[in-house]
Amino acid sequence: DPDGCGPGWVPTPGGCLGFFSRELSWSRAESFCRRWGPGSHLAAVRSAAELRLLAELLNASRGGDGSGEGADGRVWIGLHRPAGSRSWRWSDGTAPRFASWHRTAKARRGGRCAALRDEEAFTSWAARPCTERNAFVCKAAA
C-alpha cells in the first residue's frame with residue numbers, strides 16, 4: 001500500500017487508523033490493537049484535526065446516524081484513568097494535551113475508560129466502565 005497503511009486502514013499524520021466493529025472490553029481492545037506491531041494502541045487523539053479525521057472514518061464505517069450498533073454506538077479510544085491514578089492517560093503512556101469531553105458534567109465520571117459517542121457523530125468522548133463491550137479504533141505506525 002503506497003501510504004504505508006494496510007487495506008481497510010486510513011492514513012493520518014500520526015499513523016494509520018483502523019476501525020473494528022467487534023465489541024470488546026477496553027483492555028481486550030487495547031490488547032487487540034497491540035497485535036498490529038510496536039507502537040500500536042487504541043487510538044490517541046492529539047488534535048481537533050485528528051479527531052475530525054477519526055470522526056469521518058467512524059461515521060463512514062457505522063452510518064453515524066444515531067443508530068450505531070452495540071452499547072449505544074460507542075467506540076473505545078486509548079484514553080483511560082489507570083487504577084489508583086487521578087489523571088487520564090493515553091494507552092501509549094502519554095498525557096493528553098487535547099481533549100474533547102462531552103459537555104455534560106458527568107462525562108468524566110462514568111468510568112475509567114473513554115469512548116467516542118455516536119450521538120455526537122463521534123466528535124466527543126465520555127468516561128465509561130472499562131468492562132463495557134464496545135467497538136474500537138486502533139492507531140498503528142505507518
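Cβ atoms here come from the backbone N, Cα and C positions, even for glycine.
Per Swiss-Prot, the feature disulfide bond maps to Cys5-Cys16 (among others). DSSP assigns Cys16 (disulfide bond) to a strand.
Annotation source Swiss-Prot lists disulfide bond at Cys33-Cys138 (among others). Under DSSP, Cys138 (disulfide bond) is assigned to a strand (E or B) in the three-state scheme. Listed in sequence order, the residues of the same chain lying 6 or more apart from Cys138 (disulfide bond) and placing their CB within less than 8 Å of its CB are Leu17, Gly18, Phe20, Phe32, Cys33, Trp36, Ser40, His41, Leu42, Ala43.
Swiss-Prot lists Cys113-Cys130 (among others) with the feature disulfide bond, giving experimental evidence as the kind of evidence. Taken residue by residue with DSSP, Cys113 (disulfide bond) is part of a strand.
The average pLDDT computed for the domain 'C-type lectin' (12-139) is 88. Swiss-Prot lists 12-139 with the feature domain 'C-type lectin', giving sequence analysis as the kind of evidence.
Long-range Cβ neighbours of Asn59 (N-linked glycosylation site) (same chain, at least 6 residues apart, Cβ-Cβ under 8 Å): Ala121, Phe122. The N-linked glycosylation site annotation in Swiss-Prot covers Asn59.
Less than 8 angstroms from the CB of Ser61 (phosphoserine) sit Phe19, Ser21, each of them six or more residues away in the same chain. DSSP assigns Ser61 (phosphoserine) to a helical segment in the three-state reduction. The phosphoserine annotation in Swiss-Prot covers Ser61 (among others).
Summarising the annotation, Swiss-Prot assigns phosphoserine to Ser67 (among others) and lists experimental evidence as the type of evidence.
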Original post:
Of all the disulfide-bonded residues here, Cys5, Cys16, Cys33, Cys113, Cys130, which one's CB has the most other CB atoms within 10 A?
Top reply: Cys113
